[in-house]
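Just below is one structure, and these are the notes that go with it.
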Amino acid sequence: MQYKELVNLLNLYSRKYYTEDDPLVSDAEYDRLYNELVRMETEDPSVISPDSPTQRVGDRPVSDLESVTHEVKMLSLSNAYNEEELQHFINTCLKEAERELKFVVEPKIDGLAVVLTYENGVLVRAATRGDGVTGEDVTHNARTILSLPLSIDYKEKLTVRGEVYMPVKAFERLNRQQAEKGLKLFANPRNCAAGTLRQLDSRITAARGLDIFVYGVDFGGSRFHHDDLEFLRKLGFPVNPLIKQCADFSEVWALVEHIGSVRNSLEYDIDGAVIKVDSKEAQDILGVTIKAPKWAIAYKYPSQEATTTLLDVDFQVGRTGTITPVAKLEPVFLAGSTISNATLHNYDEVSRLGLLIGDRVIIRKGGDVIPKVVMAVKDLRTGDEREISYPSVCSVCATELVKDEEDVSARCPNIDCPARVKLSILHFASRKAMDIQGFGEALVELLVDGGHIRDAADIYEKDLNFLKELDGFGEKSVTNIQAAIEESKKKAFDKVLFGIGLKHVGERTAQLLAEHFGNIDRLMSATVEELVSVNDVGEETAKAISSAFQDKRVIELVERLKAAGLRFEFEKAQNASDALGGKTFLVTGTLSRPREHFHQLIKDNGGKLLSSVSKNLNYLLAGESAGSKLEKAQKLGVAVISEEQLMEMLNV
């Protein structure tokens, strides 16, 4: 293979892998070809092309970042903070342009703006925004962004605008590495991306995993902004899949709200949505102010971060005995609610953050119900802060806590600890397990504290008629609870298995185990090797399951639940069909009925459920607020279907 052919082939493979998420060859084959390219360039350095994948990372740091004057000024954006302000912007554009307009809505990536210049199809310069007139040359670092093409099939000069960002997972990985080295943590992905892109040594940048979305063209574009984006996409640039063209304000507002609703599930940070007039002719008519274009505006979502004071740390006992530290905070309003608690995950996380009681801390609200502490602002310490005191005994049962070397937190080993018992029973009775209506926190607290029940089997064995004599419980409410208990006996094997609460066995794993082994006896006698052979069951999970079924108390619990009449055999639904036979599905978003309903419907009709979006997925059943799974499915060309379309497939 000739040198240039090999360069083009490797660039094609890179684009398919990093931009389109559609790898054409194995990693081993790519590495083989890459090593062949290195050999060619080593033997004859004169052949090295600027778009060679070997040129993404330089072998030595630059001495300084040179200034670059932008050919087209990079303006700021005006902001809108509510529906009325956005409506005013749309109305003003329509009035001043004196024509019908379409608009393009884009997520506002929270990163660092750059200008990319291509000449003769090759990336020749990347510059930061700077003050809008003058930026800094960061070409050596932009080359390390694997999703950014170094060469394109377009020979005229092309100037592309984009936003460099750090994916959330890359940011979290980098902060873990910083903590391990005893170095200062980065405050957020945006600051980290900015600092990383301005490194003098591109080897540092390459190791941190920056990414980019492009969002516009200064030279070489078409008459419409939306067409520009499609043009860039076809050239191999990463264009955000959430971007859409809208015909009027109602469509604009619906998309702005949708992007806001999936914000917490994205793999990157956004702080708003950008709304632009699509027609470039109309953009020229509307013009610009000194600071911002009149044809675009940024709708700003509520902040995801806030600074407050760490007042104390509580240590809570979980269902399996794990002790979880929870930050008690000075109340602060964040993203629509007042926050006074935040998760600290585990002991290792507290150590990594280097927290002290009294610290000013930054909290972040992501997809979880409870926000998390992301860092302490150590520069604001006064000297009055104090060390966090870790408990040596369980706060509920006073049993001495244990912490093995590989554990990230201590745990209470007492399986009769009231906190563990209550949480285990609540888990068993929960909607996703046995769904025993009325068996909530208050009732479980009363029954456990009163010595009436001590495990899940007692729910079926104990007579609860005494509740009728207690305040707050009438004849009807107790009868309803008893009816719900009886009804729960009809729950499928996988629901019972999930309810028992084995370590590492979630809903999906319980379903896989029930289908694979068919009944509890075969599952309980399975070896670790047999368990690992089940799809999505890893060695750690397999060992935990095997160990649990050797525990006398677990064995006794299963026998008592069997005696109570619960189902421990996998049964295919009587109305099952093969309408979805051989097809793979993933369900995401908010639907008209619980997700479990659709899982069962798909399985009953021969379909298979996958746990993630990949090329092996045939259909994504997507409801409202589908998030990153929808985004990835669209990127891979996976068929996205609605509830109605699923029903049509089933001839319902």
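We number each residue from 1, going along the chain as drawn.
Quick reminder: no glycine exception, Cβ is built from N, Cα and C everywhere.
Because TrEMBL annotations are produced automatically, they should be read as predictions rather than curated entries.
TrEMBL has this to say about the protein:
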- Lys108: active site, N6-AMP-lysine intermediate (ACT_SITE)
- Asp27, Ala28, Glu29, Tyr30, Asp31, Ser76, Leu77, Glu106, Arg129, Glu163, Lys276, Lys300: NAD(+) binding site (BINDING)
- Cys394, Cys397, Cys412, Cys417: Zn(2+) binding site (BINDING)
- 575-652: domain 'BRCT' (DOMAIN)
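Here the features listed in TrEMBL are painted onto the structure.
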residue	record	Cβ contacts under 8 Å, 6 or more apart
Glu29	NAD(+) binding site	none
Asp31	NAD(+) binding site	none
Leu77	NAD(+) binding site	Val274, Ala292, Pro293, Ala296, Ile297, Ala298
Lys108	active site, N6-AMP-lysine intermediate	Ile270, Asp271, Gly272, Ala273, Val274, Ala298, Tyr299
Arg129	NAD(+) binding site	Met74, Leu112, Ala113, Val114, Val115, Gly135
Lys276	NAD(+) binding site	Phe103, Val104, Glu106, His225, Gln283, Trp295, Ala296
Cys394	Zn(2+) binding site	Val317, Ile323, Glu400, Leu401, Cys412, Asn414, Cys417, Ala419
Cys397	Zn(2+) binding site	Cys412, Asn414, Asp416, Cys417, Pro418, Ala419
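Per DSSP, the domain 'BRCT' (575-652) is made up of 26 helix, 16 strand, 36 coil. It is Cys412 that, of the binding-site residues Cys412, Cys417, has its Cβ surrounded by the most other Cβ atoms within 10 Å.
Sequence-ordered, the extra residues of this chain that approach the Zn(2+) site, with Cβ no more than 8 Å from the Cβ center of Cys394, Cys397, Cys412, Cys417, are Val317, Gly321, Val393, Ser395, Val396, Ala398, Thr399, Pro413, Asn414, Pro418, Ala419, Arg420. Averaged across the domain 'BRCT' (575-652), the predicted model reaches a pLDDT of 84. Lys276 (NAD(+) binding site) falls within a strand segment according to DSSP.
In the three-state DSSP assignment, the secondary structure recorded for the residue listed as 'active site, N6-AMP-lysine intermediate' is strand.
In the three-state DSSP scheme, Cys394 (Zn(2+) binding site) falls into the coil class.
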